[in-house]
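J.: One structure coming up, written as structure tokens, with questions to follow.
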Amino acid sequence: MTAVIIGINCPRNFRGLRFVILALSTLCLTFGMCGSVVLHMTVICMREETTINGTSFSAPLFSFAEEGWLFSALYLGTLLGTIPIGHLCALVGFRRTFTAYGILNGLGTVAVPLAAEFLTKPFTFMAIFGARFFQGFYLSMSLVAMETISKNWSTLKEMTLFMSILSINFQLGRIITMPLSGFLCDSSFGWPSVYYFLGIPTLFAFSLFCLFYRETPSQHKLACAAEIERIQSGKIEMTRGHRKGFKFLANWHVLSLFGVGIGIAFGAHTFSLYGPIYLHNSIGLDMHQTGLVVALPFVISTFLAIAVGRLCDRLIGTKAALVLLTCVSQYGMAIGYALLAFITPSNPLLIQSMYVLIMSLVGLCTIGLVKQARWVDAENAQTINSINTAIIYIIVMLIPEFVTLIIPNPDDPKGRGWNIVFLFIAVLQTLSAAISHISIMRKK
């Protein structure tokens, strides 16, 4: 079968439109992630002045339980946002669906400080809960976006590299958000300014994406024939076949992917939610130090993801790449959590080192999850990623309740209760990695 290639002549041999698309998509994913995680840092400095018996003092704007509900609101939105993705992409296309979810994220980010300024309790909590809910819609698109953009715009040899770069939104979002939050929270601008700094560019980035992105290279007016041919080369066979409903869910290798999702949910998102609070309260880091320490592993993870992605594309086979991305990274995270369970707060440097190790490996897990879904069942990869997103965020939505149940006092300087959480995650991630490892090695 021969594909019909339609495109313009390449001006000055420019054949890099796919990399412009990659950069713009990564920018959108990054700003969406910024809005999603900003509360995890700013909640530390969201305080209000309270007067009792003529004495004024600063008190947290929300209780620890309320903070947990606000964390959960994001993932409730993610869970419900997952349901219509397939239908919306089929009805109006990926471009419009991704844009709509991103715009909701930006509007939700801007709405948080507005609610805190103009509303009073309990309406402040209710409004911010609603804003967080709509912010969560973006997260339900993140894995789908990584898979769809890589599939449609990369060459076969560049697919892992594209996934690696797109996946660094998880790291870049925190690299930008955590230090920025730490700086602005301690400045005269205060915590509300963080939301405006992130929300407004989010709205602009997704609007630009809607104007510039196209579903396939052949639909883009700026795509040249040579680049279209290069992108489509070797992909013709991947478009054949007929869908068979949800029969693919009977495939053991597909089910093992959901096990990986569970491991990632606990391993990555427990510290994503509570890392800043744990570092700030348990080992006494100030806001500026907390922001820098939280951002450091994501800087490392960014370079690690790109380097490993390039290595997987060029030097090692698919099975070896998946073992490295999905399994070795999870084994490393499990070791980090196991060690953290036995380290006391009197060793802050060692605690910070384990935190950096764990969160530096998160990006590789995410790349491996998306790549393994495509390797196991390319035809149903988008659906698999959507289901996995739902599974991940059902669990993440419940993590605050899990942590609140085990840790009665998050301000305890001895950090009591965290060791139980860390041991549980270490065991779970080891099992997740082992199941994935067996699946990869047994698949022919």
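Each Cβ is built from the backbone N, Cα and C atoms, and glycine gets one as well.
In case it helps, TrEMBL gives these features for our protein:
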TRANSMEM  19-39  transmembrane segment
DOMAIN    20-444  domain 'Major facilitator superfamily (MFS) profile'
TRANSMEM  69-91  transmembrane segment
TRANSMEM  98-116  transmembrane segment
TRANSMEM  122-140  transmembrane segment
TRANSMEM  161-182  transmembrane segment
TRANSMEM  194-213  transmembrane segment
TRANSMEM  248-271  transmembrane segment
TRANSMEM  291-309  transmembrane segment
TRANSMEM  321-343  transmembrane segment
TRANSMEM  349-370  transmembrane segment
TRANSMEM  390-408  transmembrane segment
TRANSMEM  420-440  transmembrane segment
J.: Are the transmembrane segment (69-91) and the transmembrane segment (390-408) close enough that 3 or more Cβ pairs fall under 8 Å, when only pairs 6 or more apart in sequence count?
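T.: Contact between the transmembrane segment (69-91) and the transmembrane segment (390-408): present, because at least 3 Cβ pairs are under 8 Å.
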J.: Give the one range among 161-182, 194-213, 349-370 whose Cβ atoms make the most pairs under 8 Å with those of the transmembrane segment (321-343).
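T.: Checked against 161-182, 194-213, 349-370; highest Cβ contact count belongs to 349-370.
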J.: So which residues does the transmembrane segment (194-213) touch in its own chain, when a touch means Cβ under 8 Å and the partner is 6 or more beyond its ends?
T.: 20-21, 24-25, 27-28, 31-32, 34-35, 38, 42, 95-96, 98-99, 102-103, 105-110, 112-113, 176-177, 180-181, 184-185
J.: Mean pLDDT for the domain 'Major facilitator superfamily (MFS) profile' (20-444), as a whole number?
T.: 84
J.: With the transmembrane segment (69-91) as the reference, which stretch in 19-39, 122-140, 291-309, 420-440 has the largest tally of C-beta pairs below 8 Å?
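T.: Answer is 122-140, with the largest number of Cβ pairs below 8 Å.
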J.: At least three Cβ pairs under 8 Å linking the transmembrane segment (122-140) and the transmembrane segment (291-309), pairs spaced 6 or more in sequence?
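T.: These two stretches do not touch.
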